[in-house]
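Just below is one structure, and these are the notes that go with it.
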Amino acid sequence: MEESQNNIENGIISDNYKALLDNNHKEQWANNINGSRTPPQNMAASMVRKKSDPILVSNVRFQMLRSLLNNLQEVVLGTKLALLFPAIPLAIAADFYHFGRPWIFALSLLGLTPLAERVSFLTEQIAYFTGPTVGGLLNATCGNATEMIIALFALRQNKIDVVKYSLLGSILSNLLLVLGTSLLCGGLANLKKEQRYDRKQADVNSLLLLLGLLCHMLPLLFRYASGLNNPFATNTLQLSRISSIFMLIAYVAYIFFQLKTHRQFFESQEGDEDEEEEKPVIGFWSAFSWLVGMTIIIALLSEYVVGTIEAASNSWGISVTFISIILLPIVGNAAEHAGSIIFALKNKLDISLGVALGSASQISMFVVPLSVIVAWIMGVQMDLDFNLLETGSLAFTIIITAFTLQDGTSHYLKGVILFLCYIIIAACFFVDKIPMNETTVGTLGTVLEPSSGVLVA
């Protein structure tokens, strides 16, 4: 027994030990799994995973080699997005040999797609060993690791606009594109069925999003109400930092609400009956090592993306705003997007809603205020003022989504409306050709610096 436990911690799960788990330890694993149900984001990402064949590595004689091959099979080849992994060494080679910067940007963006899904997989594996609470916190923290890392590198290079617009784009993408296509595809696939979902989860996330919207709108309204005086820019920054602290407090309360007091609101009841009991496929230390390694690679590719985004914009004739708000979120969350649609096709809307609303709430109430606090520590003046056009798009998106989900039922027309809203907003930012670092004249006759939110007389 002790030897088998050591094997699983080192990443080796033999057939005998699997049988032992099925027989003697089945109840223990079931309690662990039921106590920390897989979050909707991870369930959606799991739809693009592939089941490995243990026969391929079981005949390898050397234990260490068998362990390594098992890890490679599960981590690297265990996803349908494995075809995109070659983009990672190509991006590194392109940077080393000083290829065109747009190529580095494109290859880095492609390489981030499978890495984001694999981070979700690895945190899920670690959660099997850490228990429900720590596992839930891990999943909540690492759910949008790619966005957080890109934001950190953009802040380090003082590219505040890239941070703001990429995070705004993630919220818009989840609420309109992911949710819209899920409701559309689910409605078309279930025309003869009434698609229903639990409104409790939608109501909680809608309230969080509205609170985040209030914190975004107040600095903007404060700036416009302040007139032409420069000192008010400092007050706007202070208001944003105070609001960010309270947003993080609200997010902590939300996590406690989700994991402890009202866990039943967020459990996917409709998917539990026909799903097989899940078990870890790699050991704790193997998963942890892979997670650290992939995080380092994500950091490297994120630095490439942030450093070459202007070059890609100039080469392709597309504004940095459009790339940040539209392209980055679509590529970064492709696995979750596809999984959400698949669950909607299976008439499991609670999971689809959990993916879209949960990820949007996490970005709005955790990643955005955390970026403001980190920028404060780094001496970078980032605030919650996302400018009028961007904040207006966010406000209408949250309001439209809240109205769409108010009755607890769904049909394809709701998906059509949300999807078209996303296309219209994308078209708006596509024609927005204003350079990120140039000042523009606002409606109050003042000069506005988009990157800092400072009004200049």
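Here the Cβ of each residue, glycine as well, is placed from N, Cα and C on the backbone.
In TrEMBL, annotation is done automatically, which means it is predicted and not curated.
Fair warning: this is a prediction, and the values are worked out from it, not measured in the lab.
Here is what TrEMBL says about this protein:
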type: TRANSMEM; residues: 75-97; note: transmembrane segment
type: DOMAIN; residues: 103-259; note: domain 'Sodium/calcium exchanger membrane region'
type: TRANSMEM; residues: 103-122; note: transmembrane segment
type: TRANSMEM; residues: 134-155; note: transmembrane segment
type: TRANSMEM; residues: 167-191; note: transmembrane segment
type: TRANSMEM; residues: 203-222; note: transmembrane segment
type: TRANSMEM; residues: 242-259; note: transmembrane segment
type: TRANSMEM; residues: 280-301; note: transmembrane segment
type: DOMAIN; residues: 288-430; note: domain 'Sodium/calcium exchanger membrane region'
type: TRANSMEM; residues: 313-332; note: transmembrane segment
type: TRANSMEM; residues: 353-378; note: transmembrane segment
type: TRANSMEM; residues: 412-432; note: transmembrane segment
Any chance you could find the range in 75-97, 103-122, 167-191, 203-222, 242-259 with the most Cβ pairs under 8 Å to the transmembrane segment (313-332)?
167-191
Output the single range from 75-97, 167-191, 242-259 maximising the number of Cβ pairs under 8 Å to the transmembrane segment (103-122).
75-97
Using Cβ distances below 8 Å and needing 3 or more such pairs, separated by at least 6 in sequence, tell me whether the transmembrane segment (280-301) contacts the transmembrane segment (167-191).
no
Counting only residues 6 or more past its boundaries, what in the same chain has a CB within less than 8 Å of a CB in the transmembrane segment (412-432)?
172-173, 175-177, 179-188, 191, 318-319, 321-322, 325-326, 389, 393, 396-397, 400-401, 404
Which sequence-distant residues neighbour the transmembrane segment (75-97)? Criterion: at least 6 residues beyond either end, Cβ under 8 Å.
48-52, 103-104, 107-108, 110-111, 113-115, 117-118, 121-122, 281-282, 290, 297, 300-301, 304, 334-335
